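Q: Here you go, one structure.
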Amino acid sequence: MKTKFIFVTGGVVSSIGKGLASASLGALLESRGLRVTMQKLDPYINVDPGTMSPFQHGEVFVTDDGAETDLDLGHYERYTSARLSKRSNFTTGQVYFSVIEKERRGDYLGGTVQVIPHITDEIKHKILENAKGADVAIVEVGGTVGDIESLPFLEAIRQFKADRGAGNVLYIHVTLVPHIKTAGELKTKPTQHSVKELREIGIQPDILICRCEMELPRDMKAKIALFCNVEEKAVITSTDAEHIYAVPLALHKEGLDEQVVEKLNIWTKAPDLSPWHSVVEKLRSPLRGEVRIAIVGKYVNLTESYKSLSEALTHGGIANDCRVVLTYLDSERIESEGIGSSFDDIDAILVPGGFGERGTEGKIKAIEYARTQKIPFFGICLGMQMAVVEYARNVCGLEDACSSEFRPDCANPVISLMEEQRDIDRLGGTMRLGAYPCSLTKGTFAQKAYGSLEISERHRHRYEYNNAFRETLVANGLVVSGLYKEGDLVEIVEVADHPWFLGCQFHPEFKSKPLNPHPLFRAFIAAALDRKDKRR
């Protein structure tokens, strides 16, 4: 089958839910037996989000091949079986970088390099490269229609219909239908203007996904269809769902996937959505109650910074048939005010990744509390590193132990810069990134969770466990349960004399899915449930 292309744009406001809509559509099409690939086009000039502040951009999602990408790719991987790569996310910066490189090589034979056709051709080339081998390629265009940054991308996808044929290209526009409480009415005018602006560019949307607080009445759907030149059945209501994993079911009920396959003339089997129904039922009515997990971090005022993490914890709850309630605690506040009653109602503690010294002493206090009070603990990336520092200080007696990231001249740098990072003077794309193999020690928390001795996980770091201190730490009871053998790099540490205490250098949250929860999150939530049951 010739690859079909679905382009998803957004209008009226940003953060309207294009990523979730795209991911949900991917899940629906996969349930019909189609091979789906996903892609995000980001209009910002940064080459990638790797050096952007979490407060501005939210989470950086890492793929197996080491791409630092937009957090929407996390949605795509969680909702579909698509294995995403560096080709799955590109920015204005990457496009212009490629075109300028070609111009310097002389690829354009002295011609004047312009937005049309050179920039738009490069965008189309990158879309086509990612779509190889797929039945359907879903491409989300970041930003909002009307943004000046988005214009080259919109022009490129406009050209796709002429290039690939009208029957092989579909445009979906996600828009807002606000409810004006003082008037008690839903207003369609913002949607009309957004579609008008899109049509001025040359794109006629085939389907509208209308984000609103309540179901759109039939007469309002008819009005939107009339003014926006779409079929009434192609006006899809999308209200806020009880759980984000209910969105595919809600969009299916509205007929989104039926409209897509009909308009693209694709014959498919009937959708099998039973796995999604099972997930939603477990979220709605868990048999084992709830557990409370504390996330001790420095970006807690913007929880989008921990998007994959919070979702992976939810997946752990699905696997254990319980609801996971998250409490975000500011590590700086713990650093200045102490533990106090922060963990009185908590069943487990998690310290996530991050960069920089700010708030790290608060994380160390939380880790010490988890270790000494026998509370299940999970440390990820920086969280694992701070667990090593805490153990070195409070168990091994190395009082000035620290990471050389924060104190380059400390006497006991139990966490140090990786050897291959020492001569690097550029920040962008230079960390240890992507999937690496890890060998597990039999009988440890990690090995029992995975049920295997060999695993592969995704990384994003520059600093590592300092092997110069391994003998001392191991002699005092800190178990090395996971090792990257090729570089003799410690990947996982544990405290054996503890209900469940594990720190890992990698980011397991990037590989967790609602239909396939990650083994470590499954085990962590199980340990939290066990503690909760014993405290009754």
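The backbone N, Cα and C atoms fix where each Cβ goes, glycine too.
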Q: Which one, Asp72, Asp107, Asp121, Asp135, is listed by Swiss-Prot in the same ATP site as Ser15, Ile16, Gly17, Lys18, Gly19, Leu20?
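A: Same ATP site in Swiss-Prot: Asp72.
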Q: Of the residues Lys221, Lys223, Lys233, only one is listed by Swiss-Prot in the CTP site with Ser14, Asp147, Ile148, Glu149, Lys187, Thr188, Lys189, Pro190, Thr191, Gln192. Which is it?
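A: That CTP site, as Swiss-Prot gives it, pairs Ser14, Asp147, Ile148, Glu149, Lys187, Thr188, Lys189, Pro190, Thr191, Gln192 with Lys223.
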Q: Quick check on the annotation: Swiss-Prot has Gly354, Leu382, Gly383, Met384, Gln385, Arg462 binding L-glutamine, so which of Glu332, Glu335, Glu405 does it put in that site too?
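A: Swiss-Prot lists Gly354, Leu382, Gly383, Met384, Gln385, Arg462 binding L-glutamine, and from Glu332, Glu335, Glu405 it also lists Glu405.
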Q: For ATP, what surrounds Ser15, Ile16, Gly17, Lys18, Gly19, Leu20, Asp72 with a Cβ no more than 8 Å from their Cβ centroid?
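A: Close Cβ neighbours, site residues excluded: Gly10, Ala21, Ser22, His75, Glu140, Val174.
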Q: Count the Cβ atoms, other than its own, that fall within 10 Å of the Cβ of Ile16 (ATP binding site), considering every protein chain shown.
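A: Cβ-Cβ neighbours of Ile16 (ATP binding site) within 10 Å number 18.
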Q: How far apart, in Å, are the two Cα atoms that lie farthest from each other among Ser15, Ile16, Gly17, Lys18, Gly19, Leu20, Asp72, the residues recorded as binding ATP?
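A: In whole numbers, the farthest two Cα atoms are 12 Å apart.
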Q: Most Cβ neighbours within 10 Å: which of the binding-site residues Lys187, Lys189 is it?
A: Lys187
Q: Determine, to the nearest whole angstrom, how far the Cα atom of Lys187 (UTP binding site) is from the Cα atom of Gly354 (L-glutamine binding site).
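A: Approximately 42 Å lies between the Cα of Lys187 (UTP binding site) and that of Gly354 (L-glutamine binding site).
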Q: Over all pairs within Gly354, Leu382, Gly383, Met384, Gln385, Glu405, Arg462, the annotated L-glutamine binders, what is the largest Cα to Cα distance, rounded to whole Å?
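A: Among the residues the record ties to L-glutamine, max Cα distance equals 14 Å.
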